Amino acid sequence: MIDLSTLTTERRNDETFNLDQMTVKEALVKMNNEDKKVAYAVEEVLPNIEPVISSAIEAFNKGGRLIYMGAGTSGRLGVLDAAECVPTFGVPATQVVGLIAGGDKAMTVAVEGAEDSLELGRQDLIDLNLSENDLVLGIAASGRTPYVIGALDYAKEIGAKRASLSCNLNAEISKHAEFPIEVDCGPEFLTGSTRLKSGTAQKLILNMISTISMIGIGKVYNNLMVDVKPTNEKLVERSKRIIMQATDCTYEEAEEKFNEANQDVKLAIVMLLTDCAAEEGKTKLVKANGFVKNTLN
């Protein structure tokens, strides 16, 4: 039998014992007060997040991937963060990957027993052709999900880097990772509902890992997402605005270079900043490893 009594995420919150008796306003205030604790809890583990980001940058530079593994809410958050990297940073969907126990179906409905399988976590990475250049980040609020542990153990066999993210101290998955992150947000507002504070903490940390690792491989210039992919009308206009912000050019100039660059925002910026044609701009970016700033030297 699994003993959940030692897990912070399963403890009852002293502040919400009478939750069912609260008015809507009282419950809102209590919930908001609990949520305020999350960012401070994340702040405590920044030193543990830093090496994970460094490892992700190293993986990308070797042609490897960042692979999120989780079940339930943890898995869904990984899939969400991975999916957002494609339009935001212009990376292929294969570079940041989110895997959830039970597969795509588990994004919307619970898949019975999927998270309890060590073998399933292993098999999902085999199917992904895991390599030693990859970084596997196992996510589990409880810190004990077998699916995640199976994945981390297989990653060790292959020689891939291993990180973990849990919301309990002394988590089991931490023993299976080189770079463990244990963020303690205290008991949930609703006992055991880890989609709340734990999920929020996980989302904040995944945001940090994906965003800052992308900065580390040249996907950002100043604080602008210069590799954004203009896949809809809103993003086309945002792309032109980014070009204007990066170069202090007019809308008309931004639009002209955007089109000359075949809607490549980063290339258009380099063309404007260095006064060059598209082909020369491409060469400059290759030599600069994709960093806009390095094309200006």
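Each Cβ is built from the backbone N, Cα and C atoms, and glycine gets one as well.
Proximity of Glu84 (active site, proton donor) to non-local residues of its own chain (separation of 6 or more, Cβ distance below 8 Å) is seen for Ser210, given in sequence order. In the three-state DSSP assignment, the secondary structure recorded for Glu84 (active site, proton donor) is helix. According to Swiss-Prot, the feature active site, proton donor maps to Glu84, an assignment based on sequence analysis.
Annotation source Swiss-Prot lists active site at Glu115, citing sequence analysis. The DSSP secondary structure for Glu115 (active site) is helix. The Cβ neighbour count for Glu115 (active site), using a 10 Å radius over every protein chain in view, is 24.
Marked as domain 'SIS' by Swiss-Prot: 56-219.
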